[in-house]
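A short write-up of the structure that comes next.
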Amino acid sequence: MRFLISSLLSGLALLTSLHAFVLALPREYSISMSNPFHESLFSCPAASWPRVKLGSENTPQEPSKDLRKILSQISPKRIETTIRKLVSFGTRHTLSTQTNATYGIGAAREWIESEFQRYANASDGRLTVKVVGYDQQADGNRIPFPVRISDVVATLKGEGDPERVYVVSGHYDSRNSDPLDYKGIAPGANDDASGVAVSLELARVMSQRDLPRPKATIVFAAVAGEEQGLYGANFLAQSFRNSSTNVEGMFTNDIIGSSTADDGTKEPHVIRLFAQGIPPLNVENQAMRERRIMIGGDNDTPARQLARFVKETAENKHTDMEVSVIYRLDRYLRGGDHRPFLEAGYPAARFTEPNGNYAHQHQDIRIDKDPKTGKDIQYGDLPEFCDFDFISRVGKVNAAALWNLAMSPGMPRNVRVNTTALSNDSKFSWDPPAGGNALVGGYEIVWRSTTAPFWTHKMDVGMVQEATIDLSKDNVVFGIRARGKNGERGVAVLPFP
């Protein structure tokens with residue numbers, strides 16, 4: 001008993017000493033006694049090092065008047081109508097009939113084309129529509145017999161830099177539990193009528209005659225063959241590559257239909273954006289890859305720079321969404337149509353809902369037991385499980401990103417940092433974007449700490465193609481971006497030695 005009392009008194013004395021120590025700390029080291037292991041105990045004034053008084057804070061870019069108008073016109077009701085119409089075709093399996101007027105993927109394709117064409121007819125020639133495709137032979141996997149793969153493509157041609165292209169897509173094919181069942185019902189409301197609905201809605205709104213034309217070209221696509229092996233997207237990406245098209249960004253919207261997880265958790269104001277790290281070897285060879293890793297550039301690939309741009313321009317009160325950038329190609333065991341674009345050498349990223357509910361993806365329509373709870377639940381990718389307001393907000397995120405991309409200058413080329421001599425400053429050089437300097441109002445150097453995910457600082461260096469900054473290249477990550485004549489920011493590019 002005496003030992004217990006002695007131990008308690010010793011412990012009390014220790015806590016009293018700790019409290020006195022905390023009270024004596026300078027303000028910058030202060031911690032809360034309700035949380036004595038507060039993180040500031042392990043921090044110090046040097047935590048923000050390197051401390052520099054250069055440039056300014058890199059704040060989010062506010063949407064322009066034209067963009068605010070676009071965002072205000074994206075309609076949840078139209079999106080719902082599109083999804084229900086696509087579901088009405090019974091199945092949109094890539095192998096399903098292409099000759100039936102009301103059932104199967106052929107009927108769905110013709111309806112999508114007619115909708116794009118309807119918007120084109122109202123656009124005063126701004127929007128053009130075509131169906132492109134090829135005959136895919138049996139692949140010994142999910143294509144057991146030859147089939148026509150068709151993509152529906154609507155193009156809003158830019159005015160100023162029309163050779164620079166941005167692509168947004170959703171896949172209109174669907175499947176149920178059996179990836180080879182091309183006769184059974186496969187509604188595909190979320191996967192991926194939701195993504196197609198966004199492509200259609202953005203084409204409708206952005207092609208209106210009372211809006212200015214974008215500077216760059218925007219392509220709105222509905223592709224097939226995704227569930228069977230990303231065939232339609234691969235065909236589209238390779239078509240762009242074979243024609244040397246300058247695609248500076250691609251987004252796929254795949255499974256963006258629900259804000260509710262399988263446990264009922266709701267995240268109605270969050271969208272995930274998956275962005276790949278190290279590019280495929282066919283895009284950057286081994287020597288280039290080793291060089292990127294050597295300079296710590298594995299987190300500054302074109303796809304991740306594109307994702308940073310989305311975060312900076314599309315996360316605001318007008319979209320009412322948080323863009324959760326995931327530094328990963330895709331979810332585990334899943335794939336998407338951004339991958340063929342990445343493999344073709346284009347920056348690309350995938351939007352997808354915050355939490356998956358696998359009872360409503362790739363499932364036969366049925367009532368069955370929930371393996372977790374044992375209760376009967378409805379299986380199947382049905383419209384009743386879609387959140388149309390959520391989809392419209394995802395559409396707004398896409399619209400904000402695409403419009404800002406298409407109205408800003410393209411990416412600077414041949415961006416370099418001088419490493420010929422040891423120094424504590426950083427000297428950069430670059431060439432204008434592929435479209436030249438016609439849309440450029442100046443250039444900015446941006447930077448962040450090596451552990452920060454997004455740009456934190458910027459410095460406007462004017463209409464130049466080289467600049468030196470009094471901040472060591474060893475201590476931060478730099479990027480160079482073009483700025484439009486009205487302040488529109490472009491995508492930053494990592495400088496290589």
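Note: Cβ is positioned from N, Cα and C throughout, glycine not excepted.
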Exercise. Which of these, Asp124, Asp254, Asp262, does Swiss-Prot say binds Zn(2+) 1 at the same site as His171, Asp191?
Worked result: Asp254
Problem set entry | Zn(2+) 1 site shell beyond His171, Asp191, Asp254, criterion: Cβ within 8 Å of Cβ centroid | Gly170, Gly188, Asp192, Ser194, Gly195, Glu226, Glu227, Thr252, Asn253, Ile255, Gly336, Asp337
Exercise. Of these binding-site residues, Asp191, Glu227, Asp254, which scores lowest on Cβ atoms within 10 Å?
Worked result: Glu227
For this session: Mind looking up the mean pLDDT for the domain 'Fibronectin type-III' (411-497) in the predicted model?
Result: 97
Exercise. Helix, strand, coil residue numbers for the domain 'Fibronectin type-III' (411-497) per DSSP?
Worked result: 0 helix, 43 strand, 44 coil
Exercise. In sequence order, which same-chain residues at least six apart have a C-beta under 8 angstroms from Asn424 (N-linked glycosylation site)?
Worked result: Asp470, Ser472
